[in-house]
Amino acid sequence: MEATTAVVIEAIRGTYLWALILGICLSFLLGFGMGANDVANAFGTSVGSKTLSLRQAYILATIFETLGSILVGYKVTDALRKEIVEVNIYKDDVTALFFGQIAILGGGAAWLIIATVLKAPVSTTHSVVGATLGFTLVMKGMQGIHWSKVGSIAMSWIISPCLSGIISSLLYILIDHTVLRRKDPVKCGLRALPVFYFVCIAFNVFAVLLDGSYLLNLEHLQWYITLSVSLALGLLSGLVFHFFLSSRLLNWINKTEEKKINAQMVNPAMIAEGLSTDVLEREPEKKNKKQKLKPTLRGFVFWFFPYQKQEEDPRTLRLFSAIQVFTACFAGFAHGANDVSNSIAPLAALIAIYDKQNEELAMSSPTPLYVICFGIVSTCIGLWVLGHFVIRTVGQEMSQINPAR
């Protein structure tokens with residue numbers, strides 16, 4: 001059996017070099033489509049709220065997608081490559097497994113590019129997992145599919161949007177009550193921001209260390225060490241912001257608003273129309289009507305949820321623009337850690353079959369770094385070329401967005 005497998009693999013090397021090249025091209029297209037679609041999702045809100053320009057979003061996305069994919073993403077690649085389908089069922093039919101990876105790449109790439117042109121934000125994970133199941137069902141039927149793994153992935157497709165929607169709603173309600181409704185929202189915001197920085201830093205450091213990046217030799221790091229380091233770095237970042245950066249941020253906000261008001265005051269169009277500049281000077285100080293709590297269910301609901309026509313203080317919005325850039329970068333990091341790997345998982349399997357040096361078909365070797373880098377390059381090119389389509393949909397056409405929301 002093992003000798004037969006070795007012969008087949010040698011035949012693949014000699015006969016199907018063209019298929020490997022085709023697979024590499026399709027993997028590039030899949031990464032290109034994912035960069036144009038999925039990565040744009042992560043930074044769409046930052047561009048839509050005018051916190052970042054399109055070029056700034058592209059640069060930050062490139063940096064943090066790369067870091068996330070290299071430091072953490074290889075584990076997701078290995079999961080998609082080894083845990084959805086039992087590859088040993090193809091020991092007698094290695095060629096089918098080889099061409100199956102090409103089918104996965106082609107199907108996923110075609111769908112992502114179509115969705116991007118239609119400005120529809122979709123998931124690369126859905127595409128790759130669905131294509132993997134489709135090819136296996138055609139070739140082997142129900143045999144060899146790890147349904148428990150497929151079920152957990154499918155459940156995440158339902159749980160993730162629901163959970164993220166609930167968490168984002170609760171966070172905005174918390175910000176609304178603790179910052180936006182206060183008499184001095186900027187001062188309250190400066191008190192709250194160190195907490196946000198602590199949570200963001202601690203959570204993301206914990207995710208990187210817990211996954212155990214083999215590039216940083218962290219595979220065997222104990223969980224309690226991971227937790228301690230994460231909390232320490234999160235606390236340090238919060239303290240640094242509170243004692244060193246908050247005053248500078250406040251000065252930047254004040255200077256920016258002064259420049260904006262001065263520019264509007266000397267606007268020739270406003271002078272020609274005889275508009276008073278006193279209104280402009282007082283506008284940042286305009287306060288919203290306080291939502292009073294009434295002893296009824298309707299009154300409680302009206303008080304608890306944010307007032308839809310509430311006008312946020314522009315100085316407060318600039319305050320939250322700083323944390324929005326921060327969170328967008330970590331969203332890019334998380335996306336790189338998870339989804340960039342999807343475009344290279346079939347390619348990694350393709351190369352493992354083509355370049356295997358022994359008789360075993362089991363894909364036990366780690367994903368090569370050059371394959372991960374190939375996926376990063378294709379993803380970033382897709383973002384820079386077509387990312388504006390989905391960024392416009394997420395940032396401008398789905399909802400009204402500002403830095404606080």
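Numbering starts at 1 and runs along the chain as it is shown here.
Cβ atoms here come from the backbone N, Cα and C positions, even for glycine.
Residues annotated as transmembrane segment in TrEMBL: 16-36, 57-76, 96-118, 154-175, 195-216, 222-245, 317-337, 369-391.
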Selected stretch (most C-beta pairs under 8 A with the transmembrane segment (16-36)) from 96-118, 154-175, 222-245, 317-337, 369-391: 369-391
Contact check, the transmembrane segment (369-391) vs the transmembrane segment (154-175), 3+ Cβ pairs under 8 Å, seq sep 6+: no
Outside the transmembrane segment (317-337), six or more residues from its ends: residues with CB under 8 Å to it: 38-39, 41-43, 45-46, 49, 51-52, 57, 60-61, 63-69, 71-73, 76, 175, 186, 189-190, 193, 196-197, 200, 204, 207-208, 211, 249, 252-253, 256-257, 376, 402-404
Chain residues in Cβ proximity to the transmembrane segment (96-118) (below 8 Å; excluding those fewer than six residues from its ends, i.e. six or more beyond): 12, 16, 19, 22-23, 26-27, 29-30, 32-34, 36-37, 87, 90, 124, 127-128, 130-132, 134-136, 139, 342-343, 346-347, 349-350, 353-354, 361, 386, 389-390
